[in-house]
Amino acid sequence: MPATNLPTLSALDNEDQPLLTTFSGDHELAAPSEEERKELERTLLKKLDRRMSILVLIYILNYIDRNNTPAARLLGYEEDLHLEGNQFATILSILYIGYILMQVPSNMFLNYIGKPSIYLPSCMIIWGGLSVCTGFVTSYYGALIIRFCLGFVEAAFFPGALFLLAKWYKQSELSQRTALLACGILLSNAFGALIASAILDNMEGVLGFRAWRWLFFVEGSVTILVAIWSMFILPDFPENSSTWLTPAEKALAMQRMQEDAGGRNRQHNLDSPDLSKQPLGRFPGLHLAVTDWKVWWLAVALLCIVTSLSFNVYFPTLTATLGYGPIVTLLLCAPPWLFATGVALSLSRHSDRVGERTKHIASSLFVGMCGFVLAISTMNTAIRYISLFLMAQSYGAFICFLAWASGSVAYPPAKRAVALALINCISQLGNVIGSFVWPLSWGPTYNNSYYVCMVMSSLSLAMCVAFRLHLSSLNRQLDEAEGDQIRGKGYRYML
């Protein structure tokens, strides 16, 4: 429900205390009128959106540095490293082991220090350096070690970025911003392929290095430069941001998030025992996240979605089945992802506008399954290329799901930080599984691979429907609990 309908008379943890008191020097700021508040909020969001936009560029580089290995495969990577059997798939999957291990500790640390403007770019500098180092590897084990370390450091960004967005944007604003962030995946696949085609076509033998090595040199160096730039742009959490906000804007930034939380203390109590009676220990956010079954349900559902999207890593290989050379193959990779970007943005914007998630997720997954069916049914070049468009757009489901998960485990903030990391962490097992779903022995049709993706899409769809039914039941309980005691409605789960 719209957050502006919520009363602002109680704080999250103590309804007898005022929600927010703001001071400028020794003087309390007067509460703005409704019109003044709307104008102030518009100004705040414009400032915030400008700063947050760099997250998209960072995520593009995050995925380019992660997924440039399949592009390098087209021009000598496997041969130069003397890879055999499943060694290439192992190199791809080992990244996600490090990625999984680091996500939860990373987000807990980010929540503790409250300085994403320092922490995230610092991690980015390290992974850019590791990407450059990949260009110097000469053996399977060297590539394996660097890929593991790359995943370990890259793990900080995506859950950290989701947490940063959730600290600044209301639930009704979150899906569209999450979509813009996650579109970094789609744009990285599009522009990463174009960049790779240019480097692989023009850098062979320069300074004595193979073109695929230059791919890592160039892209890793760009990552480091952008990381340094982002230190001066990324915001910290609302309570720690001051240099670019006026006192009134900072007060509003904190107040609107508390208003958006509204009845989340009541929401939490419907689903969990009284926090005061739980032995939470030194890490309450961790305890609350791991003991909430919703977190695990969302994690498994997202794991199924991620596994069904495993074609992403092998997209150049799948496009190569159309019968063209390496450079043309990389160029053909771009249009499906540009199409997917437009679909994902439109889907998430409509999801925010109507306040609904499940149907939007289901529609995107269904169209993706139609793409799998087309790819299975024929080897016709035109039809298989169309199937790539349909498969790529299913990332819209992934993006809407992320926003849904963020709003479903949002209280308290310490729990949200761990929950988002845990959900994303477990879901990355889908990438580990997916790395072995596309063996060359199943090509060139890859029918078995498409069957696996269809099964995982169907399973995730069933889990989303079941979760919607549970949230609908919780919303009815919230309706009954509120009764006529407060004006308007408090927090409600999006369905």
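Each residue, glycine too, has its Cβ placed from N, Cα and C.
All annotation found in TrEMBL is predicted automatically rather than curated by experts.
Bear in mind that the values here come from a model prediction, so they are computed numbers and not experimental data.
What TrEMBL says about this one:
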DOMAIN    51-472  domain 'Major facilitator superfamily (MFS) profile'
TRANSMEM  85-106  transmembrane segment
TRANSMEM  118-138  transmembrane segment
TRANSMEM  144-166  transmembrane segment
TRANSMEM  178-200  transmembrane segment
TRANSMEM  212-234  transmembrane segment
TRANSMEM  295-315  transmembrane segment
TRANSMEM  327-348  transmembrane segment
TRANSMEM  360-379  transmembrane segment
TRANSMEM  385-405  transmembrane segment
TRANSMEM  417-437  transmembrane segment
TRANSMEM  449-469  transmembrane segment
Cβ pairs under 8 Å between the transmembrane segment (85-106) and the transmembrane segment (212-234), at least three: no
Which of 212-234, 295-315, 327-348 contacts the transmembrane segment (449-469) most, counting Cβ pairs under 8 Å: 295-315
Cβ contacts the transmembrane segment (417-437)/the transmembrane segment (295-315), at least three under 8 Å, sequence gap 6 or more: yes
Cβ contacts under 8 Å made by the transmembrane segment (212-234) with residues that lie 6+ beyond its boundaries: 51, 54-55, 57-58, 61, 64-65, 68, 71-72, 75-77, 80, 116-118, 120-122, 124-125, 127-136, 164, 195-196, 199-200, 203, 206
Interface-richest range of 118-138, 178-200, 360-379, 385-405 toward the transmembrane segment (327-348), CB pairs under 8 Å: 178-200
Most Cβ pairs under 8 Å with the transmembrane segment (178-200), selected from 144-166, 295-315, 360-379, 385-405: 385-405
Average pLDDT across the domain 'Major facilitator superfamily (MFS) profile' (51-472), rounded to a whole number: 87
Long-range environment of the transmembrane segment (144-166) - Cβ separation under 8 angstroms, sequence gap at least 6: 52, 55, 58-59, 62, 65-66, 69, 90-92, 94-103, 106-107, 110-111, 116, 119-120, 123-124, 126-127, 130-131, 133-134, 137, 174, 177-178, 181, 234-235, 237, 402, 406, 410, 416-417, 420-421, 424-425
